[in-house]
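Chemist: I'd like to ask you about the structure that follows.
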Amino acid sequence: MFGTLASGDIETARLRRNLGVTRNLGFSCGGFEDLGMRLEGDNMKPQGEGDEDVAEETASFEIQQHPFQQTQKLVVGYALTSKKKKSFLQPKLELMARRKGICFVAIDLNRPLSEQGPFDVVLHKLLGKEWQEVIEDYQQTHPEVTVLDPPSSIQRIYNRQSMLQGMADLKLSDCSGSMFVPKQMVVLKDSASSADKVVEAGLKFPLVAKPLWIDGTAKSHQLFLAYDRRSLAELDPPLVLQEFVNHGGVMFKVFVVGDIIKVVRRFSLPNISNCDKAKVEGAFKFPRVSSSAASADNADLDPSVAELPPKSFLEALVKELRTLLGLRLFNIDMIREHGSKNVFYVIDVNYFPGKFCCYGKMPDYEQVFVDFFQNLAQARHKKRHCK
């Protein structure tokens, strides 16, 4: 096109200059430094080992897009556990994100966060007071960076006493459904002596017993069903006792990613009749109902049980919850009261869902997150130009 050798030298110089910028930033964003490599789980593997089609597609994209970094729009620094990284940062998501100029960069926990980046977004899910202080300090010194999400808001979700507070008072503008939370109380110690307090609080057996704290361990997700007063002595405090609501054996998992909402059905506990209550004694461990194996999306169910909550109702509810919780990435577990049309109960909230109800099990999660990050990039662009 240029017709001279000098123009070729100019192109070479520009290419070297752009590569130099990439090296100075301290990371590779889908460019030549990781060319010929692909991500599989937590390990980098050479192309040609495994899925050749994915590797070939990745390589061809990087060659076309890297030289001038024309599509670079958003750098997402992430601090995740190895399990969370493996379930969330899957190769397909990274490939789709790179196509849209979205780059994921691991945060080095052994270096000061302020010395890394620069980042447009920080995505994190780590426990501990020390990490919370790191993020809070970073927010103060880097207000231009979007942090997903504020540690204080996340901490509220890790405590099942505060998790559902305020939800019963939400005023939804949509009238196609009603939202409640089950009656519950907290037992900090001596579960056996809490029976009288259960009666005083007006709770009726059976009760769902949940650990008070969600600390990332499998034990914090172990649930029990207590059928009578004596069964409370079998439980280990601190815990939350929540009144069981018959819901036809189907639970709705509502995934929230910014303004985007996705709903899936999961099998849950069957209804409990008065006859069952009279016959059964003791505390029984819940089966795991959140796994993909418990999916009820394709099951032949009674429409009155399986029908998804109305879209307008969910949109109104999620809008209020985003404000109440101060979060953009969360999942709510919701049930429909058996025998009702649209009376729903929120029974649990999970932040940036992990092992048992992770975003990786949400339909089209890759596209959902690419759209979400693109929306963040567009919002940042508009904010800069409005100043």
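Backbone N, Cα and C define each Cβ position, glycine as well.
TrEMBL entries are annotated by machine, without manual review.
The annotation 1D-myo-inositol 1,3,4-trisphosphate binding site is assigned in TrEMBL to Lys84, Lys125, His221, Lys253, Asn350, Cys358. Taken from TrEMBL, the feature ATP binding site covers Arg160, Lys210, 242-253, Ser268. Per TrEMBL, Mg(2+) 1 binding site is recorded for Asp333, Asp348. Per TrEMBL, the feature Mg(2+) 2 binding site maps to Asp348, Asn350. What TrEMBL records for 75-154 is domain 'Inositol-tetrakisphosphate 1-kinase N-terminal'. What TrEMBL lists as domain 'Inositol 1,3,4-trisphosphate 5/6-kinase ATP-grasp' is 177-374.
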Chemist: What is the number of residues in the domain 'Inositol-tetrakisphosphate 1-kinase N-terminal' (75-154) that are helix, strand and coil, as DSSP sees it?
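Modeler: Each residue of the domain 'Inositol-tetrakisphosphate 1-kinase N-terminal' (75-154) counted once, the result is 36 helix, 19 strand, 25 coil.
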Chemist: CA-CA, which of the binding-site residues Lys84, His221, Lys253, Asp333, Asn350 lies nearest Asn246 (ATP binding site)?
Modeler: Asp333
Chemist: Compared by Cα position, which of the binding-site residues Arg160, Gln242, Asp348 is the closest one to Lys253 (1D-myo-inositol 1,3,4-trisphosphate binding site)?
Modeler: Asp348
Chemist: Specify the nearest of the binding-site residues Lys84, His221, Asp333 to Val250 (ATP binding site), where nearness means the distance between Cα atoms.
Modeler: Asp333
Chemist: Rounded to a whole number, how many Å is the Cα of Gly248 (ATP binding site) away from the Cα of Lys125 (1D-myo-inositol 1,3,4-trisphosphate binding site)?
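Modeler: Their Cα atoms are separated by 33 Å.
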Chemist: I'd like to know the mean pLDDT over the domain 'Inositol 1,3,4-trisphosphate 5/6-kinase ATP-grasp' (177-374).
Modeler: 87
